[in-house]
Amino acid sequence: MARWLPRSADLTRFCQKLNRVKTLEDDMMETSFNRCLSTIDLTLLGIGGMVGSGLYVLTGTVAKEMAGPAVIVSFIIAGFASLLAALCYAEFGARVPKTGSAYMFTYVSVGEIWAFLIGWNVLLEYMIGGAAVARAWSGYLDSIFNHKIKNFTETHIGTWQVPFLAHYPDFLAATILLVATAFISFGAKVSSWLNHVFSAVSIGVILFILIMGFVLAQPKNWGAQEGGFAPYGLSGIMAGTATCFYAFVGFDVIAASSEEARNPQKAVPRAIAFSLGLATGAYILVSMVLTLMVPWHTLDPDSALADAFYRRGYSWAGFLVATGSICAMNTVLLSNLFSLPRIVYAMAEDGLFFQVFSRVHPRTQVPVIGIVVFGFLMALLALVFDLEALVQFLSIGTLLAYTFVAASIIVLRFQQQKAGAPTQPAGSRPSPEPREGPATGELKEYESFSDKLQLVDRDKSKEHREPGQLKAAFEPYLEFLSDFYPGEVVTVAVVTLMVSAVCLCSILVFGNTHLHLPTWSYSLLLVLFSLGFLLSLLLIWVHEQQRSTQTFQIPLVPLSPALSIVLNIYLMLKLSYVTWLRFTVWLILGLLVYFGYGIWHSKENLREPQLQRVSAHYVVFPSGSLEETVQAVQPSPQPAAGLP
């Protein structure tokens, strides 16, 4: 019986396979894609991903049902919360200018299985998101023509009464997706140009709404006779914040496009900052003019802006609002179709997904097979499925990706630079400093133990310390932490921080409602988990970070990513249990794909036999120079095929 049980060494090796990280190339600017996108191109892509139909629908819904005119405050808080996640994406996009967004960022810092699951969830998020926007686009256009398209389809084709399927096939939604897929296939430059056109029209309509809105504004609509500025109080503002937060989902298209940016080190952070700032400003100002034009409690949630202009005697403005809404939805469609194939390409290129999706067309320099296949799948979803029940599923995938990217930032900042890894910004030639042999002056690199070398022969009197090591000022008080490998304590602290955040948010969300905890135990658990979170944060902070690089770095690490982690986990726990059930089913399917295909075809898995050949055994004697001792037992370089 015992012989059938796995040995501890096998389990350890299996866990190492699951948590192996991606090895990056020395020149990360080298790509099979066309680096043709400027900062303006990326900014407009980000704006297109964020400023969609939500500007025309979400503002009125939150104002009437949740926050009143204080929807402005909800958008300000939501914009700040999104900024925390966006800054994490900006740092990664500048340091690792490769396509794949959250998947790639998780792979290079946390581990393979986590990266695959993030990519697997983001894949579904983009598919459902694109299909849902296409159906909204179809419904909005159909309403302009008094639902003639819907009536014609139901009369001549028929209706369905099947659970999870739409009431009737939406051919218009499927057609717009197929047309958009064709344009995306022509290359990044064509996609960017098309996005420019729709974004320009959308921005023009927003400017018209703001100018006319402020002209028609009546401050009395914020007065006490209409309920005041915040009729639902602080709880209404925070409830509105949770809803408004999802309006800013879409900036990750910039990170997904970093491999096609001309100068990603500068363009990606700037584009994320500009697009998020402009989107936040648009949501705040539109909410302001909307609640000043008409009393907030009289708004029509389905078409708030068009209805507000109609009631003020400008019914013709409804046509402009409809035009702006359709153009805004077009930019969101392009954003989804642009990002999805590139994330699939990144997973296939790493061997974790089917290799056919890693092919890039030599002329258009885009992953055409991925674009066409997933464009058709998205069109099929829009054609036959009832997506209203699945839309909430989008939130959990996005929030999970934000959480892992924030955790990855902390891990990366306190990680030692890998041997031979580039220390300059991507695009510049790496200049590693190999060690010099003590006797011959020959330059050597001991890749198998270079990370361990500094641990054994570390000069504690030096002021400069490597990332992940305990700061000199805290060593007299926390000397026992000096015995761990650099970054090891930080990794454990990050895991503890995330567990504490999950427990803390669970008590906040379920403590009084589902768990019915008494006041004393509710307060005690809050204090305990808050202390665990703060102690983990402190334990991370007392270690050295990587020195400032020439690329963008998020300020206040580890505080900023930690706040983003707490917020994302809190919002995830606010989702319904049905959403979590669907998420679990999709996660199980993803694990079947990973263990059935990805783990065996991973490029890191193929790289492991070569790395095992160059593993070195070394002995450190109490006397003599460490480097001389190591050099004496270093194996001969001849058997290590392909490595110096």
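Cβ from N, Cα, C; glycine included.
Curation plays no part in TrEMBL annotations; they are all automatic predictions.
According to TrEMBL, the feature compositional bias 'Basic and acidic residues' maps to 432-441.
With DSSP classes pooled into helix, strand and coil, the tally for the domain 'Cationic amino acid transporter C-terminal' (552-602) is 40 helix, 0 strand, 11 coil. Feature annotation from TrEMBL assigns domain 'Cationic amino acid transporter C-terminal' to 552-602.
Per TrEMBL, region 'Disordered' is recorded for 421-441.
The transmembrane segment feature in TrEMBL is assigned to 36-58 (among others).
Annotation source TrEMBL lists transmembrane segment at 70-90 (among others).
Annotation comment: TrEMBL describes 102-123 (among others) as transmembrane segment. Tertiary proximity for the transmembrane segment (102-123) is limited to same-chain residues at least six positions away from its ends with a CB under 8 Å from its CB atoms, namely 17-22, 24, 89, 92, 96, 252, 255, 340, 343-344, 346-347, 350, 352-353, 396-398, 400-402, 404-405, 407-409, 411-412, 415, 583, 586-587, 590-591, 593-594, 598-599, 602, 604.
Annotation comment: TrEMBL describes 171-190 (among others) as transmembrane segment.
Outside the transmembrane segment (197-217), and at least 6 residues removed from its termini, the chain residues within Cβ reach (under 8 Å) are 44, 47-48, 51, 55, 282, 285-286, 288-290, 292-293, 305, 309, 312, 314, 317, 320-321, 323-324, 327-328, 330-331, 334. The transmembrane segment annotation in TrEMBL covers 197-217 (among others).
Tertiary neighbourhood of the transmembrane segment (229-251): same-chain residues 46, 48-50, 52, 54-55, 58, 61-62, 66-71, 73-75, 77-79, 81-82, 86, 89, 222, 272, 275-276, 279-280, 283, 296-297, 332, 335, 394-395, 398, 571, 574, selected by CB-CB distance under 8 Å and a gap of 6+ residues from either end. What TrEMBL lists as transmembrane segment is 229-251 (among others).
According to TrEMBL, the transmembrane segment annotation covers 316-338 (among others).
Residues or ranges marked as transmembrane segment by TrEMBL: 366-385 (among others).
Here TrEMBL flags 489-510 (among others) as transmembrane segment. When Cβ-Cβ distances below 8 Å are used as the criterion, the transmembrane segment (489-510) is approached by residues 403, 407, 410-411, 414, 468, 470, 481, 517, 522, 525-526, 529-530, 532-533, 536-537, 539-540, 543, 562, 565-566, 569-570, 573-574 of the same chain, each at least six residues removed from its ends.
Annotation comment: TrEMBL describes 522-542 (among others) as transmembrane segment. For the transmembrane segment (522-542), the residues of the chain that approach it from at least six positions outside its boundaries are 410, 414, 470-471, 474, 478, 481, 489-490, 493-494, 496-497, 499-501, 503-504, 507-508, 511-512, 558-559, 562, 566, judged by C-beta separation under 8 angstroms.
The transmembrane segment feature in TrEMBL is assigned to 554-573 (among others).
The transmembrane segment annotation in TrEMBL covers 579-600 (among others).
Panel annotation: around the transmembrane segment (366-385), residues 33-34, 127-128, 130-132, 134-135, 138, 164-166, 169-171, 173-175, 177-178, 180-181, 184-185, 187-188, 336-337, 340-342, 344-345, 348, 356-360 of the same chain, lying at least six beyond its termini, place a Cβ under 8 Å from a Cβ of the stretch. Take the transmembrane segment (316-338) and the stretches 36-58, 70-90, 579-600: counting Cβ pairs under 8 Å, 36-58 has the most. Simply put, out of 70-90, 171-190, 554-573, 171-190 has the most Cβ pairs sitting under 8 Å from the transmembrane segment (36-58). This prediction places the mean pLDDT of the domain 'Cationic amino acid transporter C-terminal' (552-602) at 91.
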